[in-house]
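Marked as active site, nucleophile by Swiss-Prot: 174. The annotation FMN binding site is assigned in Swiss-Prot to 61, 62, 63, 64, 65, 85, 138, 171, 216, 244, 267, 296, 317, 318 on the grounds of sequence analysis. Marked as substrate binding site by Swiss-Prot: 65, 110, 111, 112, 113, 114, 171, 176, 245, 246.
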């Protein structure tokens with residue numbers, strides 16, 4: 001059924017089909033249709049960051065930036081949902097067209113630029129959804145906020161989402177906001193992480209609960225840089241690291257239509273680079289900090305490979321667009337099989 005729907009949706013522009021898909025998933029959630037139309041995955045509980053997940057396969061940020069289909073997406077079988085990236089103020093993002101499909105490679109290039117309705121609009125929808133599962137909220141900075149003052153945007157967002165989020169992801173790795181990736185390195189990273197840690201301490205007292213913080217990183221660093229970032233994230237008292245965001249590289253898509261478009265590449269071509277980043281982080285951290293793996297999961301076995309590389313959880317995005325809800329169940333089953341083999 002999804003294959004037929006995908007054929008119809010793929011006749012539309014990528015952004016139009018994205019918006020229509022979210023509307024349909026949202027409507028299906030309100031009517032309770034999604035749960036009836038999709039076979040739920042087996043229960044595979046896991047505890048990470050002090051949170052209990054019904055299964056380790058989640059939805060990555062970027063698909064539902066504004067929290068418009070939380071209930072509908074949760075009915076498809078995801079073990080957790082991450083919404084955003086959201087910024088303090090609404091912003092339109094980059095000019096259209098800004099999403100490009102490369103179906104031959106099961107890939108997508110996007111240069112969205114953190115288009116979103118703003119943090120207040122997101123939180124209104126989160127409250128309306130009344131979602132009882134694990135909800136991550138991914139936060140970023142506004143386009144016109146200087147990088148030197150980025151911590152102000154992150155702290156403002158953290159203040160607002162803290163009470164509503166199961167965990168908060170700090171996005172310092174999108175390639176589509178100028179200068180953002182510089183926040184992954186050296187003093188800039190330390191300053192941001194220290195500010196987040198101190199603010200979280202205040203919010204924990206204020207709200208009476210400790211909300212985990214995850215840092216999302218890029219796949220385009222050297223092994224040494226990745227190791228340094230991983231160690232810095234651990235030393236700053238963060239709770240997880242998400243690896244990875246999209247890549248600026250074009251390995252695996254050379255010569256394909258749209259391959260030369262500016263933006264971040266996701267999907268199958270980023271799989272190996274993302275998994276390698278997970279391995280480097282796992283070797284560096286030695287189990288001291290959980291890793292959430294995302295990037296290039298288009299088959300169930302790819303999810304198991306991420307877990308084998310050292311991840312505790314995985315997330316889907318491009319693979320979900322190409323393969324549909326069945327991929328969730330495939331990924332859960334593959335991870336369950338891996339666990340059984342390890343016993």
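Glycine residues also receive a Cβ, built from the backbone N, Cα and C atoms like all the rest.
Spatial neighbours are here defined as Cα atoms within 10 angstroms of one another, and by that definition the neighbours of residue 113 (substrate binding site) among the recorded positions 65, 174, 216, 267, 317 are 174. Each of the binding-site residues 61, 63 was scored by how many other Cβ atoms lie within 10 Å of its Cβ, and the smallest score goes to 63. Take the mean position of the Cβ atoms of 65, 110, 111, 112, 113, 114, 171, 176, 245, 246, the recorded substrate site; other residues of that chain with a Cβ within 8 Å of it are 62, 85, 93, 174, 175, 177, 263, 264. Taking 111, 171, 174, 245 as the recorded positions under consideration, the smallest Cα distance to residue 267 (FMN binding site) is found for 245. Spacing of residue 245 (substrate binding site) relative to residue 174 (active site, nucleophile) is 7 Å (Cα to Cα, whole number). The candidate set comprises the binding-site residues 65, 111, 216. Of these, 216 has the most other Cβ atoms within 10 Å. With residue 138 (FMN binding site) as the anchor, the candidate recorded positions are 111, 171, 174, and the one with the nearest CA is 171. When Cα-Cα distances from residue 216 (FMN binding site) are compared across the recorded positions 111, 171, 174, the shortest belongs to 171.
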